[in-house]
Amino acid sequence: MYLYTLILLFLASANVNAYANPGACSGNCWTHDPGLYQRKSDGKYFRFATGGGIHIASADSLEGPWTDDGYVLPSGSIIDLDGKTNLWAPDLHYHDGTYYLYYAVSSLGSQNSAIGVATSKTMEAGSWTDHGTTGIESTPSSPYNTIDANWIAVGGNQYVNFGSYWNNLFQVEMENGLKVKSGATPHQIAYNASGIHRQEAAFMFERNNYFYLTFSGGIALGYNDTWPAPGEEYFIAVCRSTSATGGFVDKNGVSCLNSGGSLLLSSHDFVYGPGGQGILQDSSKGFVLYYHYADTRIGKAVEDYQFGWNQLKWENDWPSV
């Protein structure tokens, strides 16, 4: 809605100088829709990115130097859909001794999409096994688009959040890390009613008995053609709930199902259009927000995107950068 846009523009202008700049990065700092995880055995960092069979980079610290290690699935996915050799939006988790990586098979503007999964014991290139589709799939008749997966466990239950544009963000219960639960029906957890519903990249995490739902909004791509109007570029927002399955509201109590969302990070200084975010619970730095952004000192094309990260600060159980 128009009011939603005005609120975000106001918040963006008010916070333009309030954010900390991204933490240092050296080596291979390119990324797009990053997935980030710290290996349990030795603390080594692995960063995954959209493109090809999912790019892998690794480093001994968040600051780098990051090395390019190849791909998760060099030949692409076994899911037979357009986009199977150009996989998107990796999401990582660790469960019972195994690392799981969710990825999306789709193409721009299409709802012919599926969420696939690969597993590894180490996260190293060459160690991944593709299991194909999780059963989370969409077609043009679906109310959602099954990309941008994000896993969370609550007690003995596992869930995957997903969605982009259309009716935005949904959640479905999983049988295990590989397959959706039989008979489970996705339910909506967030919706932006304005315009063409620019909302995607759900990432949920838990802290102090709250579940936080972060997501990206605004215009994600096309900066190499033109700059969007100020405030219309990618940004990161957050809502929270005492339940992982719904009831998310922003700082003002506005429901995430009714265009709610408190701004967490937007363009500032040399950082333009941050998004595609996730949260790492780092062994030494605590909760770390990671994302991609266009560095205005380098370029605005996807090929120029950079890896950004910031330690989160907390006030009244709300995160800030």
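The backbone N, Cα and C atoms fix where each Cβ goes, glycine too.
As given in Swiss-Prot:
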SIGNAL    1-18  signal peptide
ACT_SITE  Asp33  active site, proton acceptor
CARBOHYD  Asn192  N-linked glycosylation site
ACT_SITE  Glu200  active site, proton donor
CARBOHYD  Asn224  N-linked glycosylation site
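Recorded features from Swiss-Prot, shown on the structure.
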{"residue": "Asp33", "record": "active site, proton acceptor", "DSSP (3 states)": "coil"}
{"residue": "Asn192", "record": "N-linked glycosylation site", "DSSP (3 states)": "coil"}
{"residue": "Glu200", "record": "active site, proton donor", "DSSP (3 states)": "strand"}
{"residue": "Asn224", "record": "N-linked glycosylation site", "DSSP (3 states)": "coil"}
Is it possible to get the count of other C-beta atoms within 10 angstroms of the C-beta of the residue listed as 'active site, proton acceptor'?
27
Same-chain residues at least 6 apart in sequence with Cβ under 8 Å of the Cβ of the residue listed as 'active site, proton donor', in sequence order, are Ile147, Asp148, Gly163, Ser164, Tyr165, Asn168, Leu169, Phe215, Ser216, Gly217, Ala220
Rounded Cα distance in angstrom between Asn192 (N-linked glycosylation site) and Asn224 (N-linked glycosylation site) is 26
For the glycosylation sites Asn192, Asn224, the largest set of other C-beta atoms within 10 Å encircles the C-beta of Asn192
What is the interatomic distance between the Cα atoms of Asp33 (active site, proton acceptor) and Asn224 (N-linked glycosylation site), given in whole Å?
17
